[in-house]
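Peer 1: Before I ask anything, let me first share the structure, which is written out below as structure tokens.
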Amino acid sequence: MAPALLLVPAALASFILAFGTGVEFVRFTSLRPLLGGIPESGGPDARQGWLAALQDQSILVPLAWDLGLLLLFVGQHSLMATETVKAWMSRYFGVLQRSLYVACTALALQLVMRYWEPVPRGPVLWEARAEPWATWVPLLCFVLHVISWLLIFSILLVFDYAELMGLKQVYYHVLGLGEPLALKSPRALRLFSHLRHPVCVELLTVLWVVPTLGTDRLLLALLLTLYLGLAHGLDQQDLRYLRAQLQRKLHLLSRPQEGEAE
């Protein structure tokens, strides 16, 4: 039992790293563009800005760096999700395969966020500068971001957050219960095979609904939108299963606790 118990700290460390990275990602995608980081004024005008940006090294160099960071994250996230790599990781790391994948994804995302190069003098696709838009558009964006993140957290409940983070696999292994996925229904397994990112629409809202869409933010939104679109393969049967699971969990949450009526 001792070697099995050593797996628990590793899984917990991966979970803590992933949770902290998720909090940092909220700040990176929502708080920074909504509360600051507006591109400097006085740059090229809207008609000449995009053409001039293609010849401006002070814009192209940080954009190329940001693109490299995003490709690093996308490459890691996609490569480690392939069946070949998962089989290799399972052979050498056993039940920690999912935790290792989550930890590597968190580290790759940390690299993106910590070394991201803003392009404050680059052209902007849109910007709310004149009143009353300068006041109301950021407020509307803030409300939509809050709603999107709340939906993301609620959807993760449907997808078994502990299993997504690799905790459940270690817990089942320590207790000798086997693999959690082996206990899933065929409909659940079918859904997981079709959908790698359960929060596509909400993340797209977070990426695009901003008061100022600058050059580096446009790069971030475009590349992640393309990646999310390629990873999305739901059909009507999957959507019916998702709806039934959400209704079941909401019913469980709204059910009175034992002794509450006494």
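Any Cβ shown, glycine's included, is placed from N, Cα and C.
The feature transmembrane segment is assigned by TrEMBL to 59-79, 100-116, 136-159.
Mind running through what each feature is packed against?
Peer 2: Beyond the transmembrane segment (59-79), the same-chain residues lying 6 or more positions past its ends with a Cβ under 8 Å from any Cβ of the stretch are 53, 85, 104-105, 108-109, 111-112, 115-119, 121-122, 215-216, 219-220, 223-224, 227.
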Peer 1: Given a Cβ distance threshold of under 8 angstroms, which distant residues of the chain, six or more beyond its ends, lie next to the transmembrane segment (100-116)?
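Peer 2: Same-chain contacts beyond the flanks: 13-15, 17-18, 20-21, 24-25, 28, 65-66, 69-70, 72-73, 76-77, 80-81, 86, 89, 93, 164-166, 216.
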